[in-house]
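Feature annotations, reproduced from TrEMBL:
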| type | residues | note |
| --- | --- | --- |
| REGION | 1-409 | region 'Disordered' |
| COMPBIAS | 12-27 | compositional bias 'Low complexity' |
| COMPBIAS | 92-103 | compositional bias 'Pro residues' |
| COMPBIAS | 128-143 | compositional bias 'Polar residues' |
| COMPBIAS | 167-176 | compositional bias 'Low complexity' |
| COMPBIAS | 177-193 | compositional bias 'Pro residues' |
| COMPBIAS | 203-221 | compositional bias 'Pro residues' |
| COMPBIAS | 222-238 | compositional bias 'Low complexity' |
| COMPBIAS | 239-265 | compositional bias 'Pro residues' |
| COMPBIAS | 273-282 | compositional bias 'Pro residues' |
| COMPBIAS | 283-308 | compositional bias 'Low complexity' |
| COMPBIAS | 326-345 | compositional bias 'Pro residues' |
| COMPBIAS | 347-363 | compositional bias 'Polar residues' |
| DOMAIN | 517-555 | domain 'Zinc finger Sec23/Sec24-type' |
| DOMAIN | 594-837 | domain 'Sec23/Sec24 trunk' |
| DOMAIN | 843-926 | domain 'Sec23/Sec24 beta-sandwich' |
| DOMAIN | 939-1038 | domain 'Sec23/Sec24 helical' |
| DOMAIN | 1057-1129 | domain 'Gelsolin-like' |
Amino acid sequence: MNVNQHTPMASPYGQPQPGYGQPNYAPLDGGYPASYAPYNGPASAYQPGVPPQGKTLLPDQLLGPPTSAPPPVSAPQQYNQYSHSPADMQNGPPPMTQAPPRPAGSQPYGLGGGQPSYPQHYAPPPTMQQVTNQMGGMQLTSGPPTPAGLGYAPPHSSQPPISTSYQSAPQPSFTQAPPPASSAPTQPPPPNAPAASQQYYRGPPPPPHSIPPPSCAPAPPVSQSQQPFSTPQPHFSSAPPPVSQPGFPSGPPPPAQGSFPPQPTPSSSQPGSVPPPGPPPTSVTSGQYPTPIQHQQQPPDSQPSPYHSGPPPPRFQMPPTVNHLPPGPQSPPGPQGPLQQPPSPQTGYPPQQNGAFGQTRSPQAGYPGPYPVQPNYGAPAPAPAPAAPAQKRLDPDAIPSPQAPDMPAVQKSRHRIDPDAIPSPIQVIEDDKAKTNEPFVTGVRGQAPPLVTTSFHVRDQGNASPRFVRCTAYNMPCTADMAKQSQVPLAAVIKPLATLPPDENPPYMVDHGEGGPIRCNRCKAYMCPYMQFIEGGRRFQCSFCNCVTDVPPHYFQHLDHTGKRVDCYDRPELSLGSYEFLATVDYCKNNKLPQPPAFIFLIDVSYNAVKSGMVSIVCHELKSLLDHLPRENPEVDSVVRVGFVTYNKVLHFYNVKASLAQPQMLVVSDVSDMFVPLLDGFLVNVNESRQVIESLLDQIPEMFADTRETETVFGPVIQAGLEALKAADCAGKLFVFHTSLPIAEAPGKLKNREDKKLIGTDKEKSLFQPQVGFYNNLAKECVAQGCCVDLFLFPNQYVDVATLGVVPVSTGGSVYKYTYFQAQTDQERFLNDLRRDLQKHVGFDAVMRVRTSTGIRATDFFGSFYMSNTTDVELAGLDCDKAITVEFKHDDKLSEETGALMQCAVLYTSCSGQRRLRIHNMAVNCCSQLADLYRNCETDTIINYFSKYAFRGVLSNPTKAVRDTLVNQCAQILACYRKNCASPSSAGQLILPECMKLLPVYLNCVLKSDVLLPGADVSLDDRAYLKQLISCMDVADTHVFFYPRLLPVMKLESGSLPVAVRNSEERLSKGGVYLMETGLHLFLWVGASVQQELLLNLFGTPSFSQIDSSMINLPVLDNPFSQRLREIIDSFRAQRSRYMKLVVVKQEDRTELIFRHFLVEDKSASGGASYVDFLCHMHKEIRQLLS
């Protein structure tokens, strides 16, 4: 997505691209195939006496066959979306030595549409009113009931909502625009679908008996428009909500670690707990839930109401949810230390809107009695309450779905499934922040770290910090069969030179003298905390291959009574997860110590480059930048040498030797056989030649000011830099500033091959492949020399990024792209990128190898590098922003006792010319139960792997096949969990593992990305650029790229950020201002009815119409609000590797189309599904796999 397009923005994210018609998503209006019985109230197919096992979430209608007893109906309850406990998502160091595995809690979401189309078999169904009322008390919880829902210390009894700014807003309605004319599907809709059905997802069409696709927005339940809700809602005070029955034949299984201590009163914030009986506070401020649901209270879709506006209207609420705990490691029932704490009552909160959920709540007032679903732990089972009166059901399949234009506005905006009733990324992120309140200690094997969105301090005690290594699963399956069954990818995202925060120590340097680092004789693993010393310390056994190696005499040390060396804590390599060894001459090329690296600047001086202002900006900036070349010690001058080349159709080399009065230009016009015309004086020390260099940089813009040359070369430019480094016998980096497609006669000449007609066809993959083989061979030569290439592109039209990017990507370099570069608006972004790129920590001529313990091995690698064999990842350059994703496969069985070990070793030359080895060690647990695997996964890392896997897949497969593969693998992961770990329950419920409940929403963002599903105005270059960019991103970068951060900034406090809201248009208030960060862009969205005072504080103007939407920086105003917002923007920019340009988006302005593209929970203009629709599609896929 290109935010720089000041010039023609043809239909920005408007009509979908021609040729993109696709079959439809099964949406949410018709119910599932009739083989499933309707849901009859919140449940009774479950006998008490067994620990709960999953997490049930029941929307409008649930398809769970209950037993013949009439179901209890729970009254409306305080809305409390997903609470967690430490055992749920063990994302922080537990206060014990063994990492307690997270219970593979799961949450069922009944995605059954609004009115079922089935005959009724069991008991009278609940009225729409009852189901609606129940939806508010939805609690997605899991895990053992701990009072301290989120932290190490229990929360106080009644915590206020985290942010008051959204506390009482009416829920903005969910709107979806009518379909563009061109978006009709290419395949006929199913028989019962409306003719002009809107497409949601480009997957296989739903089978004829599945849910009919709605047009534009899913049609609301038929009964909404045709029957008044007049049945009163009975309140019950004794019936507990349902519990799913686990499949254990004889009595309750031993509880999971730390789970279910007997407790007098369950807290609603406790995982595993079910809201107990009693009249709970309703979510309407008056305390009375109005009987008929007044849909008219929803604000009309065109004008979301401002926040702070009186009592919220009633909203669709979810029934209580029940938890499944799969069998986990055993510990005896009974008090478990700090886990047991009597909850304290609380009064109800108004429901929080816009994803700004408060802290986990304590129990609600009026909930007496024992743990309601555990009679064995202290009380007899309560009797079920009588069922509610039945209401006549209509068969939606018998009633034609109204077309979008015919539907009333209120109906159009009504969703079948309340978006608040499905897992919220914001809730999960906030919960993780709330429970991470002490340092993450890496000494516990198999402990999942806090999420990338949480700021935390790391204490290295034997495993690498999560800033260096993150795994998809911290419990590896013991066997290949188990891994294949679960389909969970086993991978690690490694960022070897990651920058650490100032309060954490960088890896220590270890010098073992001339003998070099101590290594295993057989597998060559480096000395690390996992090695076992034996025979009094004279030998050590390698934990990777079990080979025994003699300890060299100089390294000998005695062992203590536990078998550890007595100097264990004095040596980084015996006590830390990450450290560096000083490499000896044996680790150097040709057995000689390396020269310091060189930087060569190659500047395009063709007509476009000069006219756009790029040449003069680069030359002016380099004069000051050369003082900031990378160095080990800030006190000492950098030893990096520099050289300069300009080019168009020919190349100009410059002699800037210190002894010259003026620089000399040497022109090479024979570009077919490139050579460097001078040796002495091309690469120089900056301080020695400063005057000559400054003179040259002043002269270049003048020399080419009147050029008429429009053609450029590209291949020979890189060859020139490579030859210069070869001649100087050093590694280094080329900074290439380039503007256009290289069409001049020369090696590597390209032609314009952009063809929109190929998009969506089987030939589309050819557009992502390099046009010619020349650049692959050139990349191989560059890697051999340690020549890394960073490419800065300034295109005004197609430049074939897929081909020009081959050398940068293969050499570990970066591509930066500034489409339609304009000096006044893009200069700041370009210069910040250039400064950071030039100054950042970088290693040259690097080789990385990942060793593993017996049983698994590294089989696949994703990132910016070159591989000449199957084990060594070669990087001409490796900087602090580059991550490499490594996939592991089984080649034998693993054992639960020893776990699985990996060691990443990177050999590189530092910017001072020193050869070093950086080592990162990681140990994870192994498990023989699938439930343990699902209990300890990290969704953000899985998405990082999936996105890289998919984006590489477009080189050899049509994008539709790539998308289908992703959906299928995700469905298999979730279906395996449902089949093997969750307790038996109705097929109408979607059950997700606790630590993967965001997999569907994040995966949908990957599927809708511009690479896999481009809008009509996304160029091929943009897609190739994003594909290359994401290939080397770390987990934090992919997270914010796929699910941008959206902050309401109407109220700002110093020291803390406002709680983000979900990425959906219905979360935006017309009276609000929101800051969105995507990792590449910053948007400031301003609602049309923002208060004057806010506009004055922010823009210095009282009127919305006077805001200048072309501004790229906020005006510097002397008020606390303006200062704080500018601080937040600066802090966001500091966290990212690329400078994010600010775009001010006024509501209903044309730039809003670009902004909306990043509201990833909504349906996309290119045909991508909304989150709700994708979740339903996912549910359907899972059910097909299970049936």
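Placement of Cβ uses the backbone N, Cα and C atoms for every residue, glycine included.
Curation does not apply to TrEMBL; its annotations are automatic.
In summary, the domain 'Zinc finger Sec23/Sec24-type' (517-555) lies against the domain 'Sec23/Sec24 beta-sandwich' (843-926): three or more C-beta pairs, each 6 or more positions apart in sequence, are under 8 Å. Across the range of the domain 'Sec23/Sec24 helical' (939-1038), the DSSP-based residue counts are 65 helix, 5 strand, 30 coil.
When pLDDT is averaged over the domain 'Zinc finger Sec23/Sec24-type' (517-555), the result is 96. Taken residue by residue, the domain 'Zinc finger Sec23/Sec24-type' (517-555) breaks down under DSSP into 6 helix, 11 strand, 22 coil.
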